[in-house]
Amino acid sequence: MQQQNNYHQTTYAAQNGQTQQQMFYNQPCDAMDVQPTPVVQQPMFTIRDPKTRPVYLMTADLLTTYRHINEIYYKKKNSVDYQVKPHETFHERYDVIGGLGKEGSFGQVVSALDKANNERVAIKIIKNKTSFYNQALSEIELLKLINSKDPECLYGVRMKNTFMYQGHLCIVFELLSMNLYDLLKGMHFRGIGLPLVKRFAEQLLKALWFLSRPDVDIIHCDLKPENILLRDPKRSNIKVIDFGSSCRSNGRMYKYIQSRFYRCPEVLLELDYGHPIDMWSLGCILVEIHTGEPLFPGQNEVDQMSHICTVLGTPPDVMIDASPKAKKFFVKSVDNYGNRRYELRQPPQTQTKGSLEAILKGGARSENAMEDLKFRDLISRMLTLDPTRRITPIDALQHSFFVQTHEEYTSPGPAHHGQQSGASLRAAVQQFANPHNNMLTSQGQNKRPNSRVMISSAPPTLRGGQLMEQTTKTEISTQTDGMMIEEEIIPRHWFSDIFQESLAWQFTADLASYVTVQYLLTVIVKGPTVFHYFLYVAESGCCLLSRVPLLITSVRFGDAGLCPKTFSFSRPPLKHTPTEMKASLLVLFSLVATACGFWTYQGRAQPNHYHSIIFAVKTQPLAASTCDNTLSQLSVPSSPRYGKHMTLAQVNAMTLDTAAVSRVESWLSSEGIAFSTTGDYIRVSGSIRQMERLLSAKFGVYTHKDIKAKTFFHTEAYTVPSQIAADVDFVIHAQLPKVLPLIRTLFDNDGGFVNATTPQLLNKYYGIRSNNVSQATQAIFASLGQSFSPDDLITFQNTFNLPQITVQSVTGNNDPNSCQNNPDTCGEANLDVQYLLAISQSANTNFDSISKGSNDAFLDFIVGLSQNPTPANIYSISYGATLSQGTEADDPDYQRFNLEACKLGLRGVTIVVASGDDGVNGPQLRQGQCGFAPSFPATSPYVLTVGATMGPEGGAPEVACTSDLGGVITTGGGFSTGFPMPSYQTAAVQNYLQTSQKLPDSSLYNSGNRAYPDVSAMGNSYIVVTAGQTNGASGTSASAPVFAAMLSLINDMRLNQGKPTLGFVNPAIYNAPPQTWNDITIGSDGCASGQGNLNCCDQFFSAAVGWDPLTGLGSPKFPALSSYLASL
């Protein structure tokens, strides 16, 4: 955001057309026209026109006069702008300092002092109009994505906060300096020299490369000098701002985008567009800042096209033929030879120099004529009329305008014995990479008389001459087919400095004090551009500078006493299509999500050990958004399609890419390995030796500190062939899981019936009059080797005089005798089964057990359901996992879970999940660590998340279940780190955020993301039978099956009425009348679970009227809830 020192200026001067009365009052007193007194023989008086009386003028016309002198005020009052007052305080935190630039179509921008952080910020105030508000929400989502993918804030402006103020959505940004247009203006539009143009261009190309990455995929759509700001007025570092018009290539696209001077031909012609439109705008910008004048200064769209065609020629006929607006710009004619041609309908309205060369000559000349030629060539490639042939950011960064040739390098200086300086290293690499040297045959093959490129220390050029401390080097292998590997141990802080410049990597965990790096260098020449790869390999030691594609490089973190960490990178193809580009940036070499202290490396996996992996095949390009849109139509009660669930075949037709599945199957068949296909998942089972050959990988064995009895297989890196790379999302079970399911429930030995939760209490308090179910089906998710005991179920039913009902079916494994040997192996499963069947009796119930050998239980569960032709109506999940690093949006595992949960919603399935038992800070608080830690899959927008309450079990009012109020656990809740807030809960959550008297520090959570829980139910002091004995159990893992059982009762009502099941129930839940809920207003979630000496943090959420992050909308009044949901 642009920084200026002036505040909003309001002009009070009289305007043209002001009234006569205003003119009268503007005259000085001594200038007034005084009439002479008439000489008459009668009393002296005059008759004044009433409309000229001063009293009339100061009353009847006061409003008109006031409007004239306050025109700007009334203009704002009648519009949807917010009238900013000098020194106003926004959101009780931001003191307004002044306005920034002129008002835009979206609203206005002001500078302010953030009192919380004592720093200046820019605040974008959105107009109070639905269209602007919705567009701003889209911008916020894109900014969140940018911030998450660019944590070092290298490319785009940093969004710091969002809030509502006086009915206006406000977005807080870091405060930047002047924009490039103001820079030109300050130089009197004389233009800037090529060295600074080059500096700007390189940064902007890196930004466009970042935005075009498949995991970001943002088209800016309004790149112009005003939207490029200096970070500091004395520096040349810049950032891109204003993503209000931006979109994603697979999302909604608008026809009217880009400011006119920077609008590309495909947009003018209303053709499909993509990332190349930003490259066109950049080309226009670079010419403008170099020459001081806009390249194509069209007065309107037609004039804009005329300027473009006069300088660059007419767009290809295929573009004009496909354009619905071709007649607006061109006239079609046929010459004497029958050739069709298009001519401009009208010439430019202003004079143009006629050619790009002539225009660029008007810029600041460089001392090197070659630089001028390189710049002109680069611009011509940026301004290619055909977008499919326009240069890409990554190719532009390799253009000779940015990369020096061999002759342009300085000669190498002396090197120490056994070392090579950066320059000599460059020279050595150049010796192999120069396509014109005598080491190449006419066919371009390398004779390589000496292929060794030695690295004996990190190049001092990378650290500005600063040598590394305590550096050692050991060559660990010799060259193999043109490749050599060398190993160094270098200080951690030095390594951090290298990687913070990388576009493809972020730190996600603390590193060891020293880092081991392996350099993989090859000298096989494949063309003239290969030199650039070698150059940066040599300079950075591990080829991670962002301007070039990455060479395959392995990086291992760790030292003695700390667990190993491995990171790998892949280099995109030299000549890449968009498909190849996406494939190269796929998770072919993926970041291992391990954190020291959790995982322990046990050694290499035995070659004959059995293992299974699953290829997650990519779905149709718009599967996720299509599923979400369709699910909304089927689940919003007011929709005409409400409840019209889809079949498995219909869902597959919408999401499954059968061609991609076939290509992966063909490859596996060619490898001679057995596989089985279930929808878009292909399971391969075999020995570790087979898996390693298939993925070109090496598997290790790991154990987790919390699950010592289980081992996990993991490979540091894996690859798939290029012919199927674009078809594979990722490989399940090839690497360690990002989260592990942990049991939520806390058990104690006090199984007394005093102040305890029982089936009878639940029925009585919530108003459940009948527990009979005849048609609805339900299921329980189990993991970590949990089994339920049929004998304990019978004892439980006898204890509470319940019908003798058992689980009808089991998917996976269940050891009915495990309780006798180890009660810990059945506590959670017994709780779930006993209370699900106690509340929804006689329902067809399935126990869905995921093997304790699973590397990713949640994903295995959802994948297993994806093609189940007859899933249960409701699934209850009492497990959850805290994300130890990153965000849910960072990893394809979580996105895939969401997609499959969405698809199940389309088929009429409800997924109910426990919210967690350690408040907003998560299980880490049990060890005294504060910091908000959301739970997965509770954060998924496609599940119904249930929190816990307490009180009625002791005859007290219902409050949030928290340990500081005497509960055993503290109900979990908060905001997702990556999933955007779904529309069904926006109103309820925003009401909480706007009316809550105290909120935690906004830096700890993202208020624009999915909020949870949605609802709640009692979760304290349940009586459970385990190994024949009654025990106490507490947790949201008790609340979840109880609420799921209530939904089973309602499903049965609907089925008996001939209606479909509830399916994805969240929109209906949030649309329920307020009287449906017991509103829980007491409790806070700052303490961990436990009793006695509690670990608590000073940042937390509190319960409030309406929705809150502890109990959601509240606990159900079952008669009202069932009546409402059954009537839909």
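Every residue gets a Cβ built from N, Cα and C, even glycine.
Just so you know, TrEMBL annotations never went through curation; they're auto-generated.
From a predicted model like this one, the values you see are computed outputs, not experimental measurements.
Lifted from TrEMBL, the feature list:
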- 95-402: domain 'Protein kinase' (DOMAIN)
- 756-1128: domain 'Peptidase S53' (DOMAIN)
- E828: active site, charge relay system (ACT_SITE)
- D832: active site, charge relay system (ACT_SITE)
- S1037: active site, charge relay system (ACT_SITE)
- D1079, I1080, G1106, D1108: Ca(2+) binding site (BINDING)
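On the structure: features taken from TrEMBL.
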residue	record	DSSP (3 states)
E828	active site, charge relay system	helix
S1037	active site, charge relay system	helix
D1079	Ca(2+) binding site	coil
G1106	Ca(2+) binding site	coil
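Of all the active-site residues in the list E828, D832, S1037, the shortest Cα-Cα distance to D1108 (Ca(2+) binding site) is found for S1037. Here the candidates are the active-site residues E828, D832, S1037, and by Cα distance the one nearest G1106 (Ca(2+) binding site) turns out to be S1037. Annotated Ca(2+) site D1079, I1080, G1106, D1108; additional same-chain residues within 8 Å of its Cβ mean position, judged by their own Cβ, are W1077, T1081, A1103, A1104, V1105, W1107, T1111, G1112, L1113, G1114. Checked against D832 (active site, charge relay system), the recorded positions S1037, D1079, I1080 differ in C-alpha distance, with S1037 being the nearest. For E828 (active site, charge relay system), the number of other Cβ atoms no farther than 10 Å from its own Cβ, over all displayed protein chains, is 29.
Using a 10 Å Cβ-Cβ cutoff, G1106 (Ca(2+) binding site) registers 18 neighbours. Of all the Cβ atoms in the protein chains shown, 17 others lie within 10 Å of the Cβ of D1079 (Ca(2+) binding site). Put simply, of the recorded positions S1037, D1079, I1080, the one whose Cα is nearest the Cα of E828 (active site, charge relay system) is S1037. I1080 (Ca(2+) binding site) sits 19 Å from S1037 (active site, charge relay system), counting Cα to Cα. Per-residue pLDDT, averaged across the domain 'Protein kinase' (95-402), gives 89. Geometry remark: D1079 (Ca(2+) binding site) versus S1037 (active site, charge relay system), CA distance 21 Å. The most densely surrounded of the recorded positions D832, S1037, I1080, judged by C-beta neighbours within 10 angstroms, is S1037.
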